[in-house]
Amino acid sequence: MAGDGIMSGGGVVSERRSCVKRRERKLVVVGVVLHALYMLSIFDIYFKTPIVHGMDPVEPRFSSAPAKRLVLLVADGLRADKFFEPDSEGHFRAPFLRNIIKTKGRWGVSHARPPTESRPGHVSIIAGFYEDPSAVTKGWKANPVEFDSVFNRSRHTFAFGSPDIIPIFCSAVPHSTWNTYPHEFEDFASDASFLDQWSFDQFHSLLNRSNSDTKLRELIQQDKLVIFLHLLGCDTNGHAHRPFSSIYLNNVKVVDSIAEKVHNLMEGYFQDNQTAYIFTADHGMSDKGSHGDGHPTNTDTPLVAWGAGVQNPKRLFHNNHPADDGLRFVDEHKHDMLTPSDWGLMDVERMDVNQADISPLMATLIGLPCPVNSVGNLPLGYIDLSKADEVEAALANTKQILNQFLRKSYMKQSNSMIFKPFKALANYSLNLDQIEDLISRKDFDSAMKLSQILRSLSLDGLHYFQTYDWFLLMTTVTIGYIGWMLYLILHIMQFYTSFSMNLPRKKMHAPIECSTMKVHVGGFLLMGILSTILYLENSPPLYHAYVGMTVFLWTQIFSEMHILKELWRYWARKKLQLISKFFSTCIVSLLVLEFLVASFSERKLYTWCFLTSGVGGTCYIIFSFPRRTTIAGYILMTCWFLSGFTMMPAEIPDNTPLVVASGIVVILIGMAVRWFESTIKGDKYWSCIAQCDQPISRSTKLFILQVFLVGLSAMMVWLSTSHRALNKELLTLHQLINWFLAGLSMVLPLYSQTSLLSRLSSVFLGFSPPFLLLSIGYEALFYCALGLVLLGWIMIECLVLYLTKVKEFPTIISDEDEFLINHDERYLELSDLRVPLIFMVLFNVAFFGTGNFASIASFEISSVYRFITVFSPYLMSALLIFKLFIPFMLVICVFSAITKLIKIPRLGCYFIVIIFSDVMTIHFFFLVRNTGSWMEIGNSISHFGIMSAQVVFVLLLFALTNIYTKDIRTRSAQSLSRKAI
């Protein structure tokens, strides 16, 4: 690894290099562990598991259940607007359910919570709480923590549908009968509505078998029965064809017809009018065919209820729109939202719910206790009960939530040395007695009001204990991040700046002194005391890890007190002008980082950034190099070209001709760079990046081969897409060719010439085929624009290098600039901060140039359809992440080449990048939200996660790109300086 020693005599150099290598290996390990650990902290702080055990279920105290059995139909991925709105001809897509809404049932919009994925949505519907965050570690494929559900409480459950959903809820329930279709059925290249029909056929077959199977018939005739049909068609078709496609919209008609068939089948089979029906969806679908975030297209899903125990529709007139009842969703939306006029339902009362409210609704309809972990509020507007039974149902719901609060309060109190109770519920037993007294006096309205107040306070109490440890954890993590950054700064100052020349050698290599030993002993004792306190409070193991990491970092900092003292003396001797330059540089750096933080919420800021940068870079070149107006014009045009992409919609529209045209643009850029390189031989400005007197015959053949592969990839984009659109399948031959092109093209740059320009242009051409094959629209052209801007960055650094050597600019950190770390690297100077800062800007624009990477739902699954169409989550995810990483790899390759060009240590620059990233990470840490709109919650988690992970994947990408950049050669700074002078 470059930059691992400081120039000195023989054995000292070897000792120093060995010391730095050991220290940096330790830094990398500590950095990866710290960021992984602190990333987990947001789950303990903001999204701690809501599940507690040990509560008894609360049986509803009404005479008889409103219904004997319940049918739950979940249309996976069905958007509310596509369900309720008419088609282009004015016909509604769900005529049966629409008739139910108007004649015999209740309806509304169910608001889901991010992550809007299938498992979390079904957990909310069936179990009544929002997904346990620990399920993320299992890919939402298994139950890492056992929880209660309506299925558990039922007498028997029949379930049919997807192999990704049904086993989660039924495999551990002994009183269940279920079946799923094979994973191979989930093919994105076909119309998936047959999956919905499969679920219905299975249920139909079950009822038919019961006619000849006495035991099965007795089982079906029981009360408290749940029938669950999972209908995956809309989700699969939405991913493959988008929610505006005819296939998706036709699938809405399919699920409506299945609802009608199920209704008719059940009523004809039982003939007792004792069946309740719930039709809903787990999540919606964005316009580009994805889901996961908190956008209304993902969170708004339809809800229709009818049958036994469900109220009939209530008519509305223009002058009796329901008043604001004061209730709010957890995303701060009113229950009373205006209904779009084109839905044609303005005259029927709409009852919106939170998704978790569906669970207590289902439980109450068939007389079951609510799942013990449910946080849903029973939507009384759906249930047809007497006033007395209505109050009893609401009270049972309240007691069930109160029991969770009491359990959490008991657990926290028994484990806390200093316990702070939730004062609002200190007299909860008196409130319960008062409610019971009002019920006995038949004052049902007052009892209902008090019950709702008690339920609201119980939910507040649950939130209180969910956030009980916030202050401790946030303080610990923040101090840890600050300690990590100071530790990195000390390392950079000691080994990558001229400050090390001011350190007495005896202090740098002396054994640990008595004071240092005291610091380590003190840190060990402090950790022991804190761990003992945490142990006595039965804190989770991760709490010990957070505190331990923070204490460890600050112990390391204070153990180098002699370095801190020398640093203070070093800066005290500096002139005021140099100190002011240092602080002004830090302020500018912070402003740039705050700009990057803001860009995560408003990516259009990059448009203004590159418009301004284009003008600024042009003015700088014209002023410093009056004869280089062509380069000035190039900088202006390329920056302005790139500025347009962050104005484009994050939801990338399909545009295959643009992807093909981008392949042609890639070829033209490659040819232009090769022509430029052939014309700059001997030019004093560009000699450091031109060909290093190597034979060009093999280089020409390699260039022709790479151009051919890019052209063939563009042709395969057209062929694969056209054939799949016409024949609804991906040819195996096309698939094999695409895999071969992607793999071969990335190997070829390793055989290119080692001059900076030759190698980087070959890397640009080498990454192009896989990126083109994974592109669906304008992101392919963005790749071209990014490559042009990166070339402009190289040109500017060449000019700055030439200007610096000719004019012999003094260094800022030291008055001497002849000191080198080793033969091909020099010390970092304050002016070198521009390199990691520019890298940060370009690295982050690579996030947003291909869409909105900071949103969970930005992974465009149709990007992988030229490689695979059969559902395979791990392979598809790997391809999507690889596509998103290609622009990052290009930026890092150029960054590494520039560090070689201007002779600065790449690893030192990497550490500066990590410091900059962690400044942003701390900012995002305090911006993480668990209240507000679901979009804000989802995006805040994504932003923090991206910045926390950056230390890991930047390091990984550095290692990968080093394969391409380690052989790059540039003219030495010394020879360049002699030639220039």
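Residue 1 is the first one shown; counting continues down the chain.
A Cβ is built for glycine as well, from the same backbone N, Cα and C atoms used for every other residue.
Positions annotated as domain 'GPI ethanolamine phosphate transferase 1 C-terminal' by TrEMBL: 460-933.
Feature annotation from TrEMBL assigns transmembrane segment to 470-496 (among others).
Long-range neighbours of the transmembrane segment (517-536) within the same chain, counting only residues 6 or more positions beyond its ends whose Cβ lies under 8 Å from a Cβ of the stretch, are 417, 543-544, 547-548, 551-552, 554-555, 558-559, 561. TrEMBL lists 517-536 (among others) with the feature transmembrane segment.
According to TrEMBL, the feature transmembrane segment maps to 578-599 (among others).
Long-range neighbours of the transmembrane segment (605-623) within the same chain, counting only residues 6 or more positions beyond its ends whose Cβ lies under 8 Å from a Cβ of the stretch, are 595, 598-599, 629, 631-633, 635-640, 642-644, 646-647, 789, 792, 796, 799, 841, 845, 848. Residues or ranges marked as transmembrane segment by TrEMBL: 605-623 (among others).
Under the heading transmembrane segment, TrEMBL lists 630-650 (among others).
Look at TrEMBL and you will find 656-676 (among others) tagged as transmembrane segment.
Annotation comment: TrEMBL describes 702-721 (among others) as transmembrane segment.
Feature annotation from TrEMBL assigns transmembrane segment to 733-751 (among others). Tertiary proximity for the transmembrane segment (733-751) is limited to same-chain residues at least six positions away from its ends with a CB under 8 Å from its CB atoms, namely 698, 702, 705-706, 709-710, 712-713, 716, 719-720, 723, 759, 762-763, 765-770, 773, 866-868, 963-964.
The transmembrane segment annotation in TrEMBL covers 756-774 (among others).
Residues or ranges marked as transmembrane segment in TrEMBL: 835-854 (among others).
Annotation source TrEMBL lists transmembrane segment at 874-895 (among others). Residues 760, 763-764, 767, 770-771, 774-775, 782-783, 786-787, 790, 793-794, 835, 839, 842-843, 846, 849-850, 853, 859-861, 863-864, 867-868, 906, 909, 953-954, 957-958, 960-961, 964-965 of the same chain sit 6 or more residues outside the transmembrane segment (874-895) yet have a Cβ under 8 Å from a Cβ within it.
Beyond the transmembrane segment (940-964), the same-chain residues lying 6 or more positions past its ends with a Cβ under 8 Å from any Cβ of the stretch are 28, 31-32, 35-36, 38-39, 42, 46-47, 293, 600, 749-750, 759, 763, 843, 847, 853-856, 885, 888-889, 892-893, 896, 906, 910, 913-914, 917-918, 920-921, 924-925, 927-929. Look at TrEMBL and you will find 940-964 (among others) tagged as transmembrane segment.
When Cβ distances are compared across the two stretches, the transmembrane segment (756-774) makes no contact with the transmembrane segment (470-496), since fewer than 3 pairs at least 6 residues apart fall below 8 angstroms. The average pLDDT for the domain 'GPI ethanolamine phosphate transferase 1 C-terminal' (460-933) in the predicted structure is 82. Counting same-chain residues at least six beyond the ends of the transmembrane segment (656-676), those with a Cβ under 8 angstroms from any Cβ of the stretch are 703, 706-707, 710-711, 713-715, 717-718, 721-722, 757, 761, 764-765, 768, 772, 775-778, 780-781, 783-784, 787-788, 791.
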